[in-house]
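Chemist: Pulled the feature table from Swiss-Prot, pasting it below:
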type     : residues                       : note
ACT_SITE : Asp110                         : active site, proton acceptor
ACT_SITE : Thr179                         : active site, proton acceptor
BINDING  : Glu133, Asp174, Leu176         : Mg(2+) 1 binding site
BINDING  : Glu133                         : Mg(2+) 3 binding site
BINDING  : Asp174, Asp177, Asp300         : Mg(2+) 2 binding site
BINDING  : Ser242, His245, Gly268, Lys272 : AMP binding site
CARBOHYD : Asn259                         : N-linked glycosylation site
REGION   : 85-106                         : region 'Disordered'
TOPO_DOM : 1-12                           : topological domain 'Cytoplasmic'
TOPO_DOM : 34-358                         : topological domain 'Lumenal'
TRANSMEM : 13-33                          : transmembrane segment
Amino acid sequence: MAPMGIRLSPLGVAVFCLLGLGVLYHLYSGFLAGRFSLFGLGGEPAGGAAGPPAAADGGTVDLREMLAVSVLAAVRGGDEVRRVRESNVLHEKSKGKTREGADDKMTSGDVLSNRKMFYLLKTAFPSVQINTEEHVDAADQEVILWDHKIPEDILKEVTAPKEVPAESVTVWIDPLDATQEYTEDLRKYVTTMVCVAVNGKPVLGVIHKPFSEYTAWAMVDGGSNVKARSSYNEKTPRIVVSRSHSGMVKQVALQTFGNQTTIIPAGGAGYKVLALLDVPDKSQEKADLYIHVTYIKKWDICAGNAILKALGGHMTTLSGEEISYTGSDGIEGGLLASIRMNHQALVRKLPDLEKMGH
């Protein structure tokens, strides 16, 4: 006889037991999932270009904290880049051919920098999507902890936290920009870069020069440690372009701006953006415009785009379109970057340079 005179049928007992087992299973499976996540057993990415997409329930992240970690990541990656170059053991190999037919080179500097940068950011912000140039090998996974200290120069410029949904954030990492020049020991062109985009728009960028140990950073509507120069020459500009197609751009530039125009061949997109700014680095050349006419990857340009945008400058395709940092990892329409100039007037003035890159 059941208590209180209630009689339980065999069917009722079975239903009650099944409900109890269901509750226990739900609780236990949730506990196990949490433990697997804690110890990194939940499937770290093995893909070359991207980490896992952000979870829909990832909460929020603080852009000020992301800036601090991005600066640290760029510096840590730069330490690896410098160490490998100074050892003179690069383990250089080709990943294939670029669209222009050149070797797409990779070195130990690329790989080791990528590992430090990716896992520092991924450990600090596990719920955001991270896109990186090099393959992320799960066998080389590291847990690299951030001490949650924000540098004073960032606190001075960005005085309050800036929370955004984690699912809106995409991080773009270039662990070694100007690999070709790196293999040639042309050190001044080499940078490491981190960019954070929110809903596809670049909002913070970091460009670090490992061999001079100079770091530029900026946050849109936040602050920066770098500034524009006091003046630019719009009539006969100095134009910084890739070493591989300087002749192609020079011909058009002379026709457009006249014989006094100067073409500066250079390696690395990060270096070229810094050429437009007031950078206290004696090895850094100065330019008024940055033009690129061929296909380029977003991790090459996102950080520079964010810095220019934060300082009131512009980076667009050659036809004047804004660049979205979601979806595919490259853009076809070439680049025009400027600051303190009439950017759209420059777009209209230039001929269809993008067609020359094909």
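In case you wondered, yes, glycine gets a Cβ from its N, Cα and C as well.
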Chemist: With a 10 Å radius around each C-beta, find which of these recorded positions (Asp110, Glu133, Asp174, Asp177) has the fewest other C-beta atoms nearby.
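Modeler: Fewest other Cβ atoms within 10 Å, among the recorded positions Asp110, Glu133, Asp174, Asp177, is found for Glu133.
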Chemist: According to DSSP, which of helix, strand or coil covers Gly268 (AMP binding site)?
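Modeler: The residue in question, Gly268 (AMP binding site), is coil (DSSP, three-state).
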Chemist: Given the recorded positions Asp110, Asn259, Gly268, tell me which ones have a C-alpha lying within 10 Å of the C-alpha of Leu176 (Mg(2+) 1 binding site).
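Modeler: So the list reads Asp110, Gly268.
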Chemist: Calculate the distance in Å between the alpha carbons (Cα) of Asp110 (active site, proton acceptor) and Asp174 (Mg(2+) 1 binding site), and round it to a whole number.
Modeler: 9
Chemist: Find, among the recorded positions listed as Thr179, Ser242, Asn259, the one whose Cβ has the highest number of other Cβ atoms within 10 Å in the structure shown.
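Modeler: In terms of Cβ crowding, the pick is Thr179.
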Chemist: In whole Å, could you give the widest CA to CA gap in the AMP site formed by Ser242, His245, Gly268, Lys272?
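Modeler: Across Ser242, His245, Gly268, Lys272, the widest Cα separation comes out at 14 Å.
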Chemist: Can you give me the Cα-Cα distance between Asp174 (Mg(2+) 1 binding site) and Asp300 (Mg(2+) 2 binding site) in Å, rounded to a whole number?
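Modeler: That separation, Cα to Cα, works out to 6 Å.
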Chemist: To test your reading of the Mg(2+) 1 site: which residues beyond Glu133, Asp174, Leu176, same chain only, put their Cβ within 8 Å of the Cβ centroid of those residues?
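Modeler: Other same-chain residues near the Mg(2+) 1 site: Asp110, Ser113, Asn114, Thr132, Glu134, Ile173, Pro175, Asp177, Thr179, Thr192, Met193, Trp299, Asp300.
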Chemist: Can you grab the distance from Gly268 (AMP binding site) over to Asp177 (Mg(2+) 2 binding site)? Cα atoms, rounded to a whole Å.
Modeler: 6
Chemist: Across all protein chains in the structure, which of the binding-site residues His245, Lys272 has the highest Cβ count within 10 Å?
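Modeler: For the binding-site residues His245, Lys272, the Cβ with the most other Cβ atoms within 10 Å is Lys272.
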Chemist: What count of other C-beta atoms do you get within 10 angstroms of the C-beta of Leu176 (Mg(2+) 1 binding site), across all chains shown?
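Modeler: Around Leu176 (Mg(2+) 1 binding site), other Cβ atoms within 10 Å: 31.
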